[in-house]
Structures are given as C-alpha cells and as structure tokens.
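Student: This is the structure, below, for whatever I ask next.
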Amino acid sequence: MPDNKRSQHITQGVARSPNRSMYYALGYKKEDFSNPMIGVANGHSTITPCNSGLQKLADAAVAAVKASNANPQIFGTPTISDGMSMGTEGMKYSLISREVIADCIETCAQGQWMDGVVVIGGCDKNMPGGMIALARTNVPGIYVYGGTIKPGNWKGKDLTIVSSFEAVGEFTAGRMSEEDFEGVERNACPTSGSCGGMYTANTMSSSFEALGMSLLYSSTMANPDQEKVDSAAESARVLVEAVRRDLKPRDIITRKSIENAVAVIMATGGSTNAVLHYLAIAHAAGVEWTIDDFERVRQRVPVICNLKPSGQYVATDLHKAGGIPQVMKILLNAGLLHGDCVTITGKTLAEELANVPDQPRADQDVILPIERALYQQGHLAILKGNLAEEGAVAKITGLKNPVISGPARVFDDEQSAMTAILADQIKAGDVLVLRYLGPKGGPGMPEMLAPTSAIIGKGLGESVGFVTDGRFSGGTWGMVVGHVAPEAFVGGTIALVQEGDSITIDAHQRLLQLNVPEDELARRRAAWKQPAPRYTRGVLAKFAQLTSTASKGAVTD
C-alpha cells in the first residue's frame, strides 16, 4: 500500500497535471508527489495566551514532517477564549467553536486528500474539536497539545486564572483589598499556555494520552519550555510512521480506550466538560458510549490527584510528579485501565507504561497511591430525577457534604444571576437555577464560571446550590449541577421551576429533584410556551437548529 494512498488522488496521473503545477508554485519537486501529504492544523492565535505559543510547535512539526520524507501542509483553525468571553454573549460561541474546528479540519483533510493530520491546539474547545475531526474522518492523526501555562504568584501564593474570577466575589464582598485585587489580576497569567489547573484544556489533553492519541508526558508540559517544542516534533515523526503503517484513529479510539480516558479524568479530578466532549468524540468515532457509562466508570475509579480547582496543585506540579503516565500506571496495576489498547505509536498502552514506576514518588503529594486516594470514587456524578430525566452532571469534589435542599432562585440569563450574587441577594441554603442556556436555548450552552466563582468568593461555595442547563468551566467547584437535560428551551422540567420551589441536589443518591407535586407540574407544563429563538441568522442560529441534547454530546451531525 503506498504511503500517499489518499493524496495520490490529487497528485497522480495526466489529469492531475494542473494540480501539480500549483504544487510546484509551493516549492514541491517531482519526487515529492510520491510522499505522503501531512496536514498541520495550526491553532496559533494571539486572541488568548492558551494559543499564543503554538506557532513554534507548528514550526517544529513542519520541520519534522519534512525530515521524515513527507510533505507538510499547514492550515489554520480558529479559537475562542473561554476565559475572556466568560460572562458575555461571546461565551455562547465557545461550544460552537468545537464544531467549527472539527468542520475546518475535516474540510481541509478531506478536501485536500491529506494522508495524515497533526492537530495543534491550546484553548478548551481546540482539543475536542480536533479529536472529533480525526474520529469523524478516520484520517491518521495525532493531537499535539499546546501546553499549560505556568502558575502566577502574588505575595507568595500561586495563582491561576480562576484566582481572578474568585477575586471578583472576594473584592465585592469586602474580603480583599484593592491592592490584592489588582495584584491577582496582573499576576494570574504570567506566560503563554492554557489555564493551569485540571480545568477543561488540561483535562482533555491529559485524557488524550490515555485515549492513545497523544504522546505520553506531552499533556502536562508547559508551553514556554523547550521540551514542548521537542514533543511536537516527535509527535509529527510518530504520525508519519502511523501513516506508513496505516494506523487510523478508529483503530485507537474504541470503547475500551474511551473508558481509559474517562478513568484518567476521574482519577485527576477533571472537568465536567469532558462528559459532553467524550459523548461527541464517541459519536464521531462510531463508538457506543452513553452518559450512564461515565457513572459506571466513576463508581470504580478513585480520585488520586490533588489538583485545582478543588485541590492544591497545577499541571506543572503534576508533570514534575510523574505526569499522566504515573497516574495511568497506578490505575493499570489496580485493574482500572485496559492495557491492551493500541496507541498512536503502534504499541499497547501497557507496553508504553512498562518503564513507569509502579508507585508515585514519596517526596510529592500531587499523585497519591490508591490506598491514600482523596476520594474513593470519581467526582463527576451523573444525577437524574424529575428535574433531569436524561441526566445532569455534578462535580462533587471539594465538598464536605454534596447534599442540599433549598428554595429555588430562578434566573433566565446569567447577568441577572451575577447581579443578584454581587448584591448579596443570594443566601446560604438557596439553589440558583439558571435556565434557557442549553445547547438550543443559549444557544451554545455557555459556561457559568463568573457566577460560581463569585459565589465562592462570597464564601458560599459549600452552602449554595447551582443548577443549569448550561455548562460549567473546568475551573468551577462547589455544589454545581450542569448539563441538565432535557433543557428548558425544549420544555424540560427546568423550564417549569418557579421562584421559591424546593429543589434537592443529592450526589450520594445521584438525585436532582424538583419537590413539586405531579399535578402542579402538569398544570405548569400545559401552560408553558416555547420562547422565540434568540438568534435567527448566523452560526448561533445554525447550531441551535442542528444540535442534539446535552445528554448526547450536543453534536450537530
């Protein structure tokens, strides 16, 4: 089988002479047409520090492809900064960017008959967008994560971007001085790289090591460090070899490898967004995987990493402690990973982990042995009940008791809720309900980091519940339940909640319940009318029309 089995459709034969003319304009030589064409999907952007350090990785990948006797074809992919758009209408474009990125990569890879694709990304939706594209096209591919940011520091305290969000609540509550507020603001993000805790970007990139689609150790490297550049080059070399072996994404992305990825997400205390994204990745790969599978894995896998947002450390600390391979070796030895899954190197996961120590080093407390796990079960619980018949996702780490029953405080938009929080109108025992923010209703299922961080900054993180059909940032912790499905816009029960209704969140019982009699709910349902769509033109309108429910990944195909 030729190495250029796809690109030969666009480069070989008399009829393709005009095509070759255009390649000659790019500097190609005649002998290049028998070599594979390797796309380099470059997410470099100066929109956000998450992506501002990607060009050097793309340059390294291009050089490595050339050195491997293949032809690099670099093209761009867009990004949205979740952190910068948070709390604004711009946040509605975040999840949509996942689909746009996937479509961009699919369009270039398929339209140009690429033989393989190196995907390079940084901010949150870059990772699932790229992986969806690779799974959907089944073109040989590898994911190169841009790397994490280094922690900031103010007065001896390590900072992340979440420090800035929480400072808003602390400052408005009078619990932080103006000097400290500005000091945190100026110092939270000192370098290029993605947000530093086990937030969404680091969650997804870490899980890609376990999935088998990224090189070991690559997900916890810091973007400014030379090893990140070296890893990008090595990733490109590995991808060219995968093309020559005809090793495709769907050979790697299987039900068992997704289970491995989810196990690592649970063990590291990762983001709720991973639930949505792995439902979408599985859909793209044609793998049967449901929201209930996350709960099945959660009940088996303990949390063994002490990482922000609910823990103490950041990704650079995890890297120094042994990285994701150390986490995986512990899980593998405990029978919690499938070691026979093939990886992008062609080796099995067990073979890749053969030289990793069986136990974490004793001189660190970032990665813990299973017998000293922070939590005996995973932290992303799937709740169901009359308020979420299809399911909802709760993040239950960092809480003394993940149970609350209290009066509903109902808001149909994020800004109204934020105003109420900052004005001290939300009290201990309340359950905030933010609705009409789901995939169709938002549209785009915006994240709620600003209000949840404000609640924590006000000192209410343990005592106020938060329920939404939108999403939460990977930086969120507290009594939070998101991804409520069915969403309000399609008439889900969350649309029927009224101010003062009693709501129960019980992570132990995996219950999300509106404590209102059935006959009253039936009366409200009969009176409910679907609101007009917020957008009727453009990408938001298209997404709202096409998207599935959150319980199926909010996919558009």
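Cβ coordinates come from backbone N, Cα and C, glycine included.
Quick caveat, the model's predicted, so the values are computed rather than measured.
From Swiss-Prot, for reference:
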ACT_SITE  Ser473  active site, proton acceptor
BINDING   Cys50, Cys123, Cys195  [2Fe-2S] cluster binding site
BINDING   Asp82, Asp124, Lys125, Glu447  Mg(2+) binding site
MOD_RES   Lys125  N6-carboxylysine
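Can you walk me through where each of these features ends up in the structure?
Tutor: Within 10 Å of the C-beta of Ser473 (active site, proton acceptor) we count 31 further C-beta atoms, all protein chains included.
There are 31 other CB atoms within 10 A of the CB of Cys50 ([2Fe-2S] cluster binding site), with all protein chains counted.
Following the DSSP three-state reduction, the secondary structure of Asp82 (Mg(2+) binding site) is helix.
A sphere of 10 angstroms centred on the C-beta of Lys125 (Mg(2+) binding site) encloses 28 other C-beta atoms. Lys125 (Mg(2+) binding site) carries neither a helix nor a strand DSSP state and counts as coil.
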Student: Fill in the CA-CA distance, Asp82 (Mg(2+) binding site) to Ser473 (active site, proton acceptor), as an integer in Å.
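Tutor: Each residue's Cα considered, Asp82 (Mg(2+) binding site) and Ser473 (active site, proton acceptor) end up 8 Å apart.
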Student: Distance check, please: Cα of Ser473 (active site, proton acceptor) against Cα of Asp124 (Mg(2+) binding site), rounded to an integer number of angstrom.
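Tutor: Checking the Cα atoms of Ser473 (active site, proton acceptor) and Asp124 (Mg(2+) binding site) gives a distance of 9 Å.
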Student: Measure the Cβ-based neighbour count of Cys123 ([2Fe-2S] cluster binding site), defined as the other Cβ atoms within 10 Å of its Cβ.
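Tutor: I get 29 for this one.
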Student: Given the [2Fe-2S] cluster site residues Cys50, Cys123, Cys195, which other residues of that chain have a Cβ within 8 Å of the mean position of their Cβ atoms, reported in sequence order?
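Tutor: Result: Thr48, Pro49, Asn51, Ser81, Asp82, Gly83, Gly122, Asp124, Ile149, Gly193, Ser194, Ala201.
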Student: Could you list the residues of the same chain, at least six apart in sequence, whose Cβ is under 8 A from the Cβ of Cys195 ([2Fe-2S] cluster binding site)?
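Tutor: Same-chain residues close to Cys195 ([2Fe-2S] cluster binding site) (Cβ under 8 Å, separated by 6 or more) are Cys50, Gly83, Thr148, Ile149, Thr160, Ile161, Val162, Ala201, Asn202, Gly474, Gly475.
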Student: Any same-chain residues 6+ apart from Asp124 (Mg(2+) binding site) with CB under 8 Å of its CB? Would you list them in sequence order, or say none?
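Tutor: Long-range Cβ contacts: Cys50, Asp82, Ser94, Ser194, Tyr199, Thr200, Ala201, Met204, Asn273, Gly474.
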